[in-house]
Amino acid sequence: MAKHERGLRFQPAGGVKTVQIPAGKKQRLTIERLSDDGRGIAFLEGKTWFVAGSLAGEEVEARVLNARGKVVEARTERVFTASTMRRAPACEYFGRCGGCSVQHVPHEEQLALKQRMLAEQLLRVANVVPDEWAAPLSGAELAYRRRARVAVRWDAKAKRLDVGFRAAASQDIVSIEHCPVLVQALQPIMNELPGMLKNFSKPQALGHVELFSGVATAVLLRHTAPLAEADLALLQAFCSKHGAQLWLHGEGEPQPVSPGDTLGYRLEPWNLQLAWRPGDFIQVNAAVNTAMIEQALQWLAPAKDERVMDLFCGLGNFALPLAGLAREVVAVEGVATMVERAAVNAMSNDLHNVQFFQADLSQPLTHADWAAEGFSTVLLDPPRDGAFEVVRQIRKTGARRLLYVSCNPATLARDTVELISQGYRLKRAGILDMFPQTAHVEAMALFEMSK
């Protein structure tokens, strides 16, 4: 195998060697436009630069994070000529912390960027424009996140405990004591968490910390070795001060220190309460989650005699509100433990017309007993991979209306191609601003069978 000299990448014999740009190098650039993920795009000497923290039309100094072939990833270090659109970020750690990527962009422009990303994916991949664009669903720009994972790492060489969030494009930890996107109930906990953990007698036993806010506030500590009694007492005093439950995650499943403690969240418009456990999926933005459910019910508008299917149902986030409108809801999820908790949630909310089933949603739906009667309406809320295997079978269920909630416009567009081929029409679509200050796009799309 040929040796690789530092800074050079060699092509096979007879090819052309390409000079690679080392990480850390600074370069002055003119930003031409924004990419789909909110980074600025610049072109220089045959290479395309993706520059975090920049805006179209700006002159910036960028520091290289990574370079591969003709693509360079970088972050803004200095702005020589600022866009009139630029605003001061709300967070002092912006640009270093990897959590937020577009705090320098006004919120209305963030929404426009996300709308454009969705529209471009649908047009480019599926060659379709919805009959109607819905207004973006959004809530507060800041103080919206009710769940967060805080990275913790003991640096034995430096004898230092790092507590914070992962850096942008890196596994490094940015030490953080304040995060403006966390809900208010978690702010004082986050402010004092690093100082408390640094008093541990055995910091090398610390893994990570998760913070939760809902019906109750909770702190979960992942630990890789048994905790010293003094350290456990420190944790308990900290949680008591902040009125938070304490959960520990050593070997096995996470458990509350007080056996009676439980976690849950409210869906106030329907007077529902859903229980959940660490490891379960819940939407981190409570306000947008509620607005999303309200919009889904309005778009689907199931009649009282209809049978509705909810696929990738999780804990019943959509299924339980739907049960208040339809004759019957059949909800299907791949994770067995979440199916069990969803069924308990239905019973605890006195809902008896919703059934939950565990199934591999990559397999034919029509082979299952619960699918035998068919459905007039289907709701999908798949993971980022989308629901291609499911949508290939949707027409066999008899569904006239299908609501697709997506956390990835690329797979939504791909699945739209299949739905159109089956005779469905894209009636309405819009973005869900579940993660303000980031370029992450969630969307809702309504399909109806063409007449």
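We count from 1, first residue shown onward.
Cβ from N, Cα, C; glycine included.
For reference, Swiss-Prot has these:
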DOMAIN    20-78  domain 'TRAM'
BINDING   Cys91, Cys97, Cys100, Cys179  [4Fe-4S] cluster binding site
BINDING   Gln283, Phe312, Asn317, Glu333, Asp360, Asp381  S-adenosyl-L-methionine binding site
ACT_SITE  Cys407  active site, nucleophile
Residue among recorded positions Phe312, Asn317, Glu333, Asp360, Cys407 with Cα closest to the Cα of Cys91 ([4Fe-4S] cluster binding site): Cys407
Where Glu333 (S-adenosyl-L-methionine binding site) falls in three-state DSSP terms: strand
Neighbour-count leader, CB within 10 A, binding-site residues: Gln283, Asn317: Asn317
Helix, strand or coil at Cys97 ([4Fe-4S] cluster binding site) [DSSP, three-state]: strand
Around the Cβ of Cys91 ([4Fe-4S] cluster binding site), the count of other Cβ atoms that are within 10 Å: 18
Candidate nearest Phe312 (S-adenosyl-L-methionine binding site) in space, where candidates are the recorded positions Cys100, Cys179, Cys407 and distance is Cα-Cα: Cys407
Under 8 Å by Cβ from Cys97 ([4Fe-4S] cluster binding site), same chain, sequence gap 6 or more: Cys91, Gly164, Phe165, Arg166, Ala167, Ala168, Val174, Ile176
Nearest recorded site to Asp360 (S-adenosyl-L-methionine binding site) by CA-CA distance, among recorded positions Cys100, Cys179, Cys407: Cys407
Neighbours of Cys407 (active site, nucleophile) among the binding-site residues Cys100, Cys179, Gln283, Asn317, Glu333, Asp381 (Cα to Cα, within 10 Å): Asp381
Fewest other C-beta atoms within 10 angstroms, as judged across Glu333, Asp360, Asp381, which are the binding-site residues: Asp360
Helix, strand and coil residues within the domain 'TRAM' (20-78) as assigned by DSSP: 0 helix, 36 strand, 23 coil
Residue among binding-site residues Gln283, Asn317, Glu333, Asp381 with Cα closest to the Cα of Cys100 ([4Fe-4S] cluster binding site): Gln283
Helix, strand or coil at Asp360 (S-adenosyl-L-methionine binding site) [DSSP, three-state]: coil
Set of same-chain residues at least 6 away whose C-beta sits under 8 angstroms from Cys179 ([4Fe-4S] cluster binding site): Cys91, Gly99, Arg145, Ala148, Phe165, Gln187, Met190
